[in-house]
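Worksheet: the structure to be examined is printed underneath.
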Amino acid sequence: MDDIKAKIVDILKDVTGLDDAGQDADQDLFKDGVLDSMATVEVLVTLQDTFGITVPVSEFDRSQWSTVNKIAQQVQELE
Amino acid sequence: MNNITPYSSPHYFIYLLILLLPIIIGLWFGKRFKIYDFFATVVILITAFFGGNMKQGISLIFYILFEMVVIFTYRAYRKKYNNFWVFTLFVILAIVPLVFVKLDPLLNNATISLFGFMGISYLTFKSVEIVMESRDGVIKELKPFEFVRFLLFFPTITSGPIDRFKRFQKDVLNVPSRDEYVELLHSGVNKLMKGLLYKFIIGYFFGTLLLPKIEILTLSYRGQTPLGLSWALVAYMYVYSMYLFFDFAGYSLFAVAISNFMGIKTPMNFNAPFKSKNIKDFWNRWHMTLSFWFRDFIYMRLMFTIIKHKWFKSRVTIANLGYVTLFLIMGFWHGETWYYIVYGIFHALAMITNDAWLRLKKRHRKSIPSNKFTHAFAVFLTFNVVCFSFMIFSGILDKLWF
């Protein structure tokens, strides 16, 4: 799980260009403006490539993908 | 008798609340009366669409039947196959009635809009959502009755807010506990009161009392000054913007309030949009259910496809292309006139500029100040950009120039 989270934080840093992105695993990434729609899609596509999962766009419920912890949980379920 | 536009006069609420009373009493005692809900829907639909010459009502029935055929045919197909082009075809089919209605003024042909009735756009958003989510397999089960109930949910039928099927089902299949329902009634009454203030007092002041006078003044400069520009036009811009917000936000509050009385948590449409700190922030606060619909079903999907297939490399190009597509579609959706299209392009350019600014700010984080004055300036600037766009949207320039 920690491995997944570390990878997610790396992806967030890459996509947003922010050094502190995802530092706090419970930070609301949408509310705090870390991720906009474009960045969200980039993160999703990268997650697909990195973990070999498929995220149907309409399954994508913001409230369930809003923090590093939640993303990690989703990835684990989809893996 | 004429068609009665929902929420258009204070009287409407008296009749509406009488009609809602059995539903409210039922929910208070933990019951939903399906048959009565259906009856209430029929009553509202009759008053809204079958007063006068029944043309709208017949269109509505045709429309519902048409969408049912489209959606249930696609769902039957989707059980076995999943071809992208077949999916695209069904999305187009679901939009066809709306396209006819929107093209109607352009073609000057009254016979073409067989489907013309108040609120067709909003029902089409819901129908398209169901086609798209059927493809993704998110909507597992859908009974014809559930589809009709979702589409014809009367508090939101004429102008939204645009709910989502799964969210709506969760509420409609559930009876709130007494505590939850008290909470819903409480928030419903609050929203109703705020809506009355917005629509019938503030909106009336700006829209009915001020706007017509300022319009006459603005148009009196036609041909008198270069492009007919005047300070009156500036005043028109602000007055129209205030009217647009208070009228529509007031209406939306009614729709959410009445939904709440029926135990349905219809999403809110506005969140203090004039406090937005930039144009992106604005679209997260203005007509939210529409902008989120566009975001989820057009922008994100388009971005997803482009990035996955690597059609373009630069993320800036991709994002900007997305904005232009999105806001052009939104412009065309509002209507086929030059000023709606220009309004769309204007907002696309504003989003692109905003993104460029945010990138610049990110690169020079240390040298660009950020404090409460810059914040106040950002809010002020956004407000004016937005009001300017509403001035385009209002069509006043069309009257002034052509």
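We number each residue from 1, going along the chain as drawn.
Cβ atoms here come from the backbone N, Cα and C positions, even for glycine.
Remember, it's a predicted structure, so these values are computed and weren't measured experimentally.
Features as listed in TrEMBL:
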type: TRANSMEM; residues: B:12-29; note: transmembrane segment
type: TRANSMEM; residues: B:36-54; note: transmembrane segment
type: TRANSMEM; residues: B:60-77; note: transmembrane segment
type: TRANSMEM; residues: B:84-100; note: transmembrane segment
type: TRANSMEM; residues: B:106-125; note: transmembrane segment
type: TRANSMEM; residues: B:196-214; note: transmembrane segment
type: TRANSMEM; residues: B:234-258; note: transmembrane segment
type: TRANSMEM; residues: B:316-333; note: transmembrane segment
type: TRANSMEM; residues: B:339-357; note: transmembrane segment
type: TRANSMEM; residues: B:377-397; note: transmembrane segment
**Message:** How about long-range neighbours of the transmembrane segment (B:339-357): same chain, 6 or more residues beyond its ends, C-beta under 8 Å?
**Reply:** 278-280, 283, 316, 319-320, 323-324, 326-332, 385, 388-389, 392-395, 397-398
**Prompt:** In terms of Cβ proximity under 8 Å, which residues at least six beyond the ends of the transmembrane segment (B:377-397) contact it?
**Reply:** 215, 218, 233, 236-238, 240-241, 244, 273-279, 281-282, 286, 334, 337, 339-340, 342-343, 346-347, 350
**Request:** Test the contact criterion for the transmembrane segment (B:196-214) and the transmembrane segment (B:234-258): 3 or more CB pairs under 8 Å, pairs 6 or more apart in sequence, then answer yes or no.
**Result:** yes
**Prompt:** Excluding the flanking five residues on each side, which residues at least 6 beyond the ends of the transmembrane segment (B:234-258) place their CB within less than 8 Å of a CB in that stretch?
**Reply:** 6-7, 16, 20, 155-156, 159-161, 187-192, 194-200, 202-203, 206-207, 210-211, 214-215, 217-218, 266-270, 273-274, 287, 386-388, 390-391, 393-394, 396
